[in-house]
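For reference, the structure discussed in these notes is given below.
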Amino acid sequence: MSKKYSPVNSQESPRFSGIKTFMRLPHVKTEENIDFAVVGVPFDTGGSFAVGTRFGPEAVRSMSSLLRPYNPSLSVDIFEHCSGVDYGDLVVNPGYIEDSYKLIEEQLNLLLKNDVVPIMIGGDHSISLPILRAMADRYGPVSLVHFDSHSDTWDSYFGRKYTHGTVFRRAVEENLVNSEKSIQIGMRGSLYNPDDISDAENLGYQVIPTTSLKKITADQLGEIIHERVGNNPVYVSFDIDFLDPAYAPGTGTPEIGGFTTFEAQEFVRQLNGLNLIGFDCVEVLPDRDITRVTSIAAANICYEFISLVASNKRGNIPVPNKSNYTF
């Protein structure tokens, strides 16, 4: 690797200064000599309740200046093992879902053909579909690890096939994900009818609702995930409403009874050693995030995933034992 990109040293330049890129990484529109790229997707036309997640990438980048390169929980210095950039935001067409899907997929293909791991910041959850289209074009049907309070497997919403509530049904129908090697984690809250639960399972996903997840440890969850996805290429999608609204009030469709930021970090760290090919963190709504705690949480979740990329580059990662837990 001829050129290695890394952040501004915050011990030499104050963290509140400078242009707000993720972790103060250089903003470079390159697909070469990098292991990962942080990519904003400022699109929220697929949302159904509160809107404004198009401003999520900007808010998450702003609070990411608090992050430091060494992750003690994984014992990894990110930039000792990785080179990464802030790729900037993808071009989208506000108000036009299918046009924007094509734009997102086309732009993401440039990174994937160079084996760059994209760290995508939304935007509403509808952006995951064009991302998965690009992933499947590069890797074939992928495994999905999906953290969310909603399964997002409706057939349609307000008569529309493409919304943030239908994305993971479309992904199965288009053969973008191998649902038999995929898992959805954290579902909770009131429903329109019982089919909202059974639909995801009928599509082939393994579903661990919040009521079940609260009864096991993070290590046990890790065993279940590793057993489920195996060595398949893994795409991770993290809806910030996986967190309880006490920890992430800035989101469009919050559900009470969720998880703490500490629990979320522990769960994401369990993905260590998987064949990770990409990640998104979606549904951050800055207008409802008065104290910016949601943006801080999202920045840290993205950081944990980047740390996993670095950990994979470093190697020598123990794989969890086979799990005795089934859901």
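Every residue, even glycine, has its Cβ placed from backbone N, Cα and C.
Since we're looking at a predicted model, the values are computed, not measured.
What TrEMBL records for this protein:
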{"type": "BINDING", "residues": "His125, Asp148, His150, Asp152, Asp239, Asp241", "note": "Mn(2+) binding site"}
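Other than the site residues His125, Asp148, His150, Asp152, Asp239, Asp241, same-chain residues with C-beta atoms no more than 8 angstroms from the centre of those residues' C-beta atoms, the Mn(2+) site, are His146, Ser149, Ser151, His164, Phe242, Thr253, Val282, Glu283. Scoring each of the binding-site residues (His125, His150) by how many neighbouring Cβ atoms lie within 10 Å, the top position goes to His125. Asp239 (Mn(2+) binding site) falls within a strand segment according to DSSP. In three-state terms derived from DSSP, His125 (Mn(2+) binding site) belongs to a helical segment. In sequence order, Asp148, Ser149, His150, Ala248, Thr251, Gly252, Thr253, Pro254, Glu255, Gly258, Glu283 make up the list of same-chain residues 6 or more apart from Asp241 (Mn(2+) binding site) whose Cβ falls under 8 Å from its Cβ. Residues within less than 8 Å, Cβ to Cβ, of Asp239 (Mn(2+) binding site) and separated from it by at least 6 positions along the same chain comprise His125, His146, Phe147, Asp148, Ser149, His150, Asp152, Thr251, Val282, Glu283. Considering only the binding-site residues Asp148, Asp152, the Cβ with the fewest other Cβ atoms within 10 Å is that of Asp148.
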